[in-house]
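These come from TrEMBL:
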- 23-102: disulfide bond (DISULFID)
- 50: site 'Transition state stabilizer' (SITE)
- 54: active site, proton acceptor (ACT_SITE)
- 55, 58, 62, 64, 76: Ca(2+) 1 binding site (BINDING)
- 56-61: disulfide bond (DISULFID)
- 108-307: disulfide bond (DISULFID)
- 181: heme b binding site (BINDING)
- 188-215: disulfide bond (DISULFID)
- 231, 234, 239: Ca(2+) 2 binding site (BINDING)
């Protein structure tokens with residue numbers, strides 16, 4: 001009960017434009033950096049969305065994800081759940097630009113949240129997400145619990161719904177959040193079980209043939225560049241094509257297939273497939289809910305000077 005109370009107090013202390021007096025240009029600087037990085041490396045925008053998910057689902061939106069293995073800390077990035085995550089070095093680029101303007105003022109946790117918001121806009125998703133700020137950074141990594149708290153690519157839909165519900169993301173918002181699968185790619189490692197030794201009968205046969213060409217062996221090398229794009233039509237745009245694809249049995253993951261057929265989620269999937277405006281509205285709401293999970297505020301955390309390391313005492 002106390003945990004829920006603290007989470008509520010933390011949420012209620014976040015506010016829009018938290019840095020309006022302490023660092024008025026903070027959000028503008030972050031947006032500029034996200035934009036420049038997007039034009040240099042388009043996939044950075046996808047990384048910012050994934051960072052928000054991986055950071056916030058594990059205990060708190062507190063940039064614990066960004067800590068590297070050093071000084072007795074073991075990084076969450078070493079967990080198998082972090083497989084395929086990249087572009088962490090560019091978070092340091094954003095942080096350096098903000099530090100230059102306002103030293104030790106803007107937290108890495110808020111950079112994770114704001115870069116996700118701005119990355120979503122760069123990817124053609126909703127551009128009006130009202131992201132509150134005021135989070136503090138954790139002084140520890142939670143590597144020991146990452147595997148328990150971050151759903152696996154191929155977990156059942158019921159376990160994924162329950163995990164999100166635990167952090168205050170409701171059913172409709174969870175269906176919307178999974179729409180982030182409309183961008184990015186999936187490593188063959190995470191989908192070959194649907195292709196070999198026999199093709200999953202719930203997969204569209206033509207799409208399955210395409211997937212087998214992309215993933216020609218049942219034992220792909222995790223280090224090889226063997227990927228399939230989530231959405232072939234608009235691979236770099238956050239839109240409702242994801243829902244159209246899964247309704248046509250073209251989802252890559254077991255989770256995608258279940259989302260389209262589970263009686264609890266199917267009506268939302270159909271509605272999102274039919275109406276991109278409704279999807280955008282729910283996706284915005286879901287991102288805000290996710291970003292406000294159990295934030296550290298006040299003296300509970302710190303503002304790291306370098307997102308990779310806890311401040312020296």
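Cβ atoms are placed via backbone N, Cα and C, with glycine included.
TrEMBL feature annotations superimposed on the structure.
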| residue | record | CB count, 10 Å |
| --- | --- | --- |
| 50 | site 'Transition state stabilizer' | 20 |
| 55 | Ca(2+) 1 binding site | 27 |
| 58 | Ca(2+) 1 binding site | 26 |
| 76 | Ca(2+) 1 binding site | 25 |
| 102 | disulfide bond | 16 |
| 108 | disulfide bond | 31 |
| 188 | disulfide bond | 25 |
| 215 | disulfide bond | 23 |
| 231 | Ca(2+) 2 binding site | 21 |
| 239 | Ca(2+) 2 binding site | 21 |
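Non-local neighbourhood of the residue listed as 'active site, proton acceptor': 65, 76, 81, 82, 85, 150, each in the same chain, at least six residues away, with C-beta under 8 Å from its C-beta. When the alpha carbons of residue 234 (Ca(2+) 2 binding site) and residue 181 (heme b binding site) are compared, the span between them is 11 angstrom. For residue 307 (disulfide bond), the same-chain residues 6+ apart in sequence whose C-beta sits under 8 angstroms from its C-beta are 63, 66, 67, 91, 92, 95, 108, 111, 137. Within the set of recorded positions (61, 62, 64, 181, 234), the lowest number of other Cβ atoms found within 10 Å of a Cβ is recorded at 234. The number of other Cβ atoms within 10 Å of the Cβ belonging to residue 23 (disulfide bond), over all protein chains shown, comes to 16. Between the CA atoms of residue 102 (disulfide bond) and residue 62 (Ca(2+) 1 binding site) there is a gap of 19 Å. Under 8 Å, Cβ to Cβ, and six or more positions away along its own chain, residue 56 (disulfide bond) finds 167, 290, 291, 293. Among the binding-site residues listed (55, 58, 239), 239 has its Cα nearest to the Cα of residue 215 (disulfide bond). Of 55, 181, 231, 239, all annotated as binding-site residues, the residue with the shortest Cα distance to residue 61 (disulfide bond) is 55. Of all the recorded positions listed here (23, 50, 181, 239), 50 has the Cα closest to the Cα of residue 64 (Ca(2+) 1 binding site).
Residue 181 (heme b binding site) sits 15 Å from residue 188 (disulfide bond), counting Cα to Cα. In sequence order, 182, 183, 233, 235, 236, 237, 238, 240, 241, 242 are the same-chain residues whose CB sits within 8 A of the CB centroid of 231, 234, 239, the residues recorded for Ca(2+) 2 being left out. Each of 54, 56, 59, 60, 61, 63, 65, 66, 67, 138, 141, 142 belongs to the same chain as 55, 58, 62, 64, 76, is absent from that list, and has a C-beta within 8 angstroms of the C-beta centroid marking the Ca(2+) 1 site.
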